[in-house]
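Student: The following block contains the structure, expressed as structure tokens.
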Number of protein chains: 6
Amino acid sequence: MSDFTHFNQQGRAHMVDISDKQETNRMAIARSSILMNKQVYEAIIGNAIKKGDVLAVAQVAGIMAAKKTPDFIPMCHPLPLTGVNISFQWDTSHDTYELIVDATVKTKGITGVEMEALTAVSAATLTVYDMCKAIDKGMTIGQTFLIEKQGGKSGDYYRKERRNDHGSK
Amino acid sequence: MSDFTHFNQQGRAHMVDISDKQETNRMAIARSSILMNKQVYEAIIGNAIKKGDVLAVAQVAGIMAAKKTPDFIPMCHPLPLTGVNISFQWDTSHDTYELIVDATVKTKGITGVEMEALTAVSAATLTVYDMCKAIDKGMTIGQTFLIEKQGGKSGDYYRKERRNDHGSK
Amino acid sequence: MSDFTHFNQQGRAHMVDISDKQETNRMAIARSSILMNKQVYEAIIGNAIKKGDVLAVAQVAGIMAAKKTPDFIPMCHPLPLTGVNISFQWDTSHDTYELIVDATVKTKGITGVEMEALTAVSAATLTVYDMCKAIDKGMTIGQTFLIEKQGGKSGDYYRKERRNDHGSK
Amino acid sequence: MSDFTHFNQQGRAHMVDISDKQETNRMAIARSSILMNKQVYEAIIGNAIKKGDVLAVAQVAGIMAAKKTPDFIPMCHPLPLTGVNISFQWDTSHDTYELIVDATVKTKGITGVEMEALTAVSAATLTVYDMCKAIDKGMTIGQTFLIEKQGGKSGDYYRKERRNDHGSK
Amino acid sequence: MSDFTHFNQQGRAHMVDISDKQETNRMAIARSSILMNKQVYEAIIGNAIKKGDVLAVAQVAGIMAAKKTPDFIPMCHPLPLTGVNISFQWDTSHDTYELIVDATVKTKGITGVEMEALTAVSAATLTVYDMCKAIDKGMTIGQTFLIEKQGGKSGDYYRKERRNDHGSK
Amino acid sequence: MSDFTHFNQQGRAHMVDISDKQETNRMAIARSSILMNKQVYEAIIGNAIKKGDVLAVAQVAGIMAAKKTPDFIPMCHPLPLTGVNISFQWDTSHDTYELIVDATVKTKGITGVEMEALTAVSAATLTVYDMCKAIDKGMTIGQTFLIEKQGGKSGDYYRKERRNDHGSK
């Protein structure tokens, strides 16, 4: 097996070795949202969507997606999640109808759960889109970002501003 | 088995019956993006991310996620996808660094592939976040929406404006 | 590669070849139930289960499980489901508290959806057990069976009696 | 983002936070069964089922399903299973042909494996149904329940009676 | 959204668009093998492997893997398999103990099932390795290749020689 | 429930109980390869494969497959992988074109990761086959085997010879 032409691995993907990291309690909170028109908003609130109770389904979708994160995000490490909570808030203050979705994910593990929280809120907002798209395909999933992260060697993280913070004016 | 107390099913979820719909060629295009700081941008461009070539991995993630959509979105029908394409564009025009991700999904089936396209772009941007979060946890996934949809009884759909269109000023 | 000792394949498993069957509309209805004590019943009815709205979650579980059937039942053919509906009934007529779960599954395919309907009701009752087991681990999942099946070469099937029919006195 | 209308989360689902529970050795045993007619019984015993050796496939199905439990039961925590065993018994004492399936599941984890054992026996009996349904669609999956559970803060559990215990006369 | 820096897509991955291909009956046969020492061979033949009946489990593994192929091979299209058969042969003619595994996979679809057949034999031989590795970790999975393929526009394919054909002397 | 005919469990499959094993750092390295003709080799090297950058996709496939191993290999225990790395080498020394794929997998767990490493290289080589089969269906996946294993009670393992070692002359 002489004369190998060693392939240049630079830049190729791998799942980073975290064998030496410590197992600690970790949590992360992520947020997404979905903007809709008044008709969709009223159908959700009035439980008049043909496919069923939108928020109940979105919540289950978010929790199940959190568990599937390492199957969804290629370089993400599998982690034994110890808790997932999805919550909803309506913001109707700007003549818009926005459903804000937060996910809190916890683990006792050797790496963080930021991706699980982000995946959970993404699945929840995508599920809202799916269940309401027969009324309006123009709904927009709003910005998706990490709000907070605790535990682990790199320390805690708290997002300074919650939205509209990268020039998306 | 007399004396049933019939549960009120109103509002409960189901996967809508589409048995009578016609099998036609369908396609959908969705878009998402991820906003990052200059340091992350240059690391991606320079292929200096520790986990590997970010866009190559994001692209595979998006394609595989499209195939997993019905496992991710509870009321979504399974469909035999006939094509998935993910493309990237950089927008660095506003002193920001934004990676725009488009997914085109096709099927020959009895319902549309909007959810597959939206799930694909979500997986791709989440993967970019995952691979770069060691540099900056403050990255924001931008708005996610359907650009275009063709085929099916409800007709074609073209989004009028591409972004910033629901008052997210 | 002479002198092969041919292994005796008799009795070994395979996924039966159905390439020559016709694609038709098919449906199946299956039933299961879960028997619980009064305390669990009242907690479900009163929406006082710590893990959440039991029937909403069970319904989503059943629908998602129907889609995963070929991944769960080894020799089962994959099928593009065109509709899944889960419904609940309470039978409190015999000093017992029994939640009856029915699943109706449809496809336009070349084999039937009996297993999808049976898997759906099993997932739904198991989910009820999971969400209520902190109150009582003694709950019993009742008999699970096919009620009806339509479409396909072997003809329609209607179960004569619904329960207690195989001598389980 | 003022003027939020806080959504009422009461009753909505979440995956309970178990971050503070202790990791201990845990086990659970569950039981299900399937009732069949003499023809199916003899075909299984005689290894004359077209799809193959029924019990061998059912056993693999049960073990693989135990590992997939958190993907099947929405609020169920993922756990690293350390052992799964499926065993079969025939009860032909009452002019009936009943295959009894027991699953023993073990983990070293922070919550119990009751759902994994119940899911394993459900998958095994459903697989028997699938492989034999060409002979008789009238087979009935019998009651499914937890027999025993050891480990964890809530203490051990042993079912008093094994079957026919909730008035299913 | 002017001033885009268009990313160079050349060379990036996509799932090829096959929307215009015709649905026809297709089949593929693939082969792999596993070489083992006499001790492992006799343990398999004598059904003395601690984990159970090796070939029965390998067969189920192969069939289930065939169904999961598009989740395993990133650019592979999902297909509704209509039949999967795994067969075993022993070659003990050269003072070696080699288990040869063939998989035949069928579909009525718009692309071929070569990958499904190759994935099936890979899963089967990997399962044999897993179940026997406590005896000998030195087992070698032999060459894996396509034997035959029928159906589709590109025509039929028959491998000329079955093994040892690429200079692996 | 008297008169049981106890089924003879001898030889039936189970997932071996490892509850009493110690959690330690473990690693395994496996190797596979794929032999191709000059045309395929040059297309890969020249990045001229229609489906995209072959090695980038194969690498992601291998990493994701490593995480899915317990879903693929029936009796395999689930393990929290802490690192996966896939590397490529070209051997063009014998008038052949062989791509050698190595996978290194790590865990901190109670059993080894040999199967994860073997599954990773299998998925990677199968992915190469998939992406290049439009050019030549005659590619052959070479021998697949464990190179090295560290950690665990059974001690370390190093393969003596790397290939051609079981008489496959």
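Each residue, glycine too, has its Cβ placed from N, Cα and C.
In case it helps, TrEMBL gives these features for our protein:
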- D:ASP130: active site (ACT_SITE)
- D:MET75, D:CYS76, D:HIS77, D:MET115, D:GLU116: substrate binding site (BINDING)
- D:15-152: domain 'Molybdopterin cofactor biosynthesis C (MoaC)' (DOMAIN)
Student: Cα-Cα, whole number of Å: D:MET75 (substrate binding site) versus D:ASP130 (active site)?
Tutor: 27
Student: For chain C, give the subset of the recorded positions D:MET75, D:CYS76, D:HIS77, D:MET115, D:GLU116, D:ASP130 whose C-beta is less than 8 angstroms from one of that chain's C-beta atoms, in sequence order, otherwise 'none'.
Tutor: D:MET75, D:CYS76, D:MET115, D:ASP130
Student: Mean pLDDT for the domain 'Molybdopterin cofactor biosynthesis C (MoaC)' (D:15-152), rounded to an integer?
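Tutor: Mean per-residue confidence for the domain 'Molybdopterin cofactor biosynthesis C (MoaC)' (D:15-152): 94 out of 100.
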Student: Between the Cα atoms of D:MET115 (substrate binding site) and D:ASP130 (active site), find the distance and write it as a whole number of Å.
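Tutor: With distance taken Cα to Cα, D:ASP130 (active site) is 22 Å from D:MET115 (substrate binding site).
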Student: At 10 angstroms around each C-beta, which of the recorded positions D:GLU116, D:ASP130 has the fewest other C-beta atoms nearby?
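Tutor: Checked D:GLU116, D:ASP130; of these recorded positions, fewest Cβ neighbours within 10 Å: D:ASP130.
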Student: Express the distance between the Cα positions of D:GLU116 (substrate binding site) and the residue listed as 'active site' as a whole number of Å.
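Tutor: On Cα coordinates alone, these residues lie 21 Å apart.
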Student: DSSP three-state call for D:GLU116 (substrate binding site): helix, strand or coil?
Tutor: helix
Student: Using DSSP, how many residues in the domain 'Molybdopterin cofactor biosynthesis C (MoaC)' (D:15-152) fall into helix, strand and coil?
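Tutor: Residue counts for the domain 'Molybdopterin cofactor biosynthesis C (MoaC)' (D:15-152) by secondary structure: 46 helix, 47 strand, 45 coil.
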Student: At a CB cut-off of under 8 A, do any of the binding-site residues D:MET75, D:CYS76, D:HIS77 come close to chain B? List them or say none.
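Tutor: Contact set vs B: none.
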Student: Roughly how many Å separate the Cα of D:CYS76 (substrate binding site) from that of D:ASP130 (active site), to the nearest whole number?
Tutor: 26
Student: State the Cα to Cα distance, in Å, between D:ASP130 (active site) and D:HIS77 (substrate binding site), rounded to an integer.
Tutor: 28
